[in-house]
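Read through the structure below, which is laid out as structure tokens, and then see the notes.
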Amino acid sequence: MYDYIKGQLTKITAKYIVVETNGLGYIINVANPYSFTDSVNQLVTIYLHQVIREDAHLLFGFHTEDEKDVFLKLISVSGIGPTTALAIVAVDDNEGLVNAIDNSDIKYLMKFPKIGKKTAQQMVLDLAGKFVEAPQETGNTKARSNKAGNTQLDEAIEALLALGYKAAELKKIRAFFEGTSETAEQYIKSALKLLMKG
């Protein structure tokens, strides 16, 4: 198992980042790849969780140990796999997640992709009281000026599709943001907040 990786961030895609260390490039699945935009070609430290499957060895990466801890708690719930947990972590609203779990807010939990009523109930059952204090806000929240526009919105929509959101939902999101100028990271964060409001 790996705890973290320190290396040069060499590539960002809608689903993952690539970190090079000792001549090897590691594909790391992350909640919001575009939150790493300012770190391209720089030394980064990414906290890791490794999933070994019959057909693949997957790495899931996080900005902070708190973010990783939330992910690990989520995958301990029956019915939640790493991809679904990553989509939940991507919302970047751990306080809302913790409140929903502690207050048995099944409706809120069902807004996450691939979370049905049974899984939401299981989350409440398994995780109520497990979050001693709400984790720090995750991700890189620095505001930045970046060339934006439709390309950035396209990248954000692609990343949201990779997280499991439906194209029909994202069509409304695209229409909402059309004509605005943000970074892909900002579009993703704003879109996730809108998707959670329903």
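Every residue, even glycine, has its Cβ placed from backbone N, Cα and C.
Per Swiss-Prot, the features are as follows:
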- 1-63: region 'Domain I' (REGION)
- 64-142: region 'Domain II' (REGION)
- 143-147: region 'Flexible linker' (REGION)
- 148-198: region 'Domain III' (REGION)
* Asked: Looking only at the region 'Domain II' (64-142), what are its DSSP counts of helix, strand and coil residues?
  -> 44 helix, 0 strand, 35 coil
* So, by DSSP, how many helix, strand and coil residues make up the region 'Domain I' (1-63)? -> 7 helix, 38 strand, 18 coil
* Tally of residues which DSSP labels helix, strand or coil - the region 'Domain III' (148-198) -> 38 helix, 0 strand, 13 coil
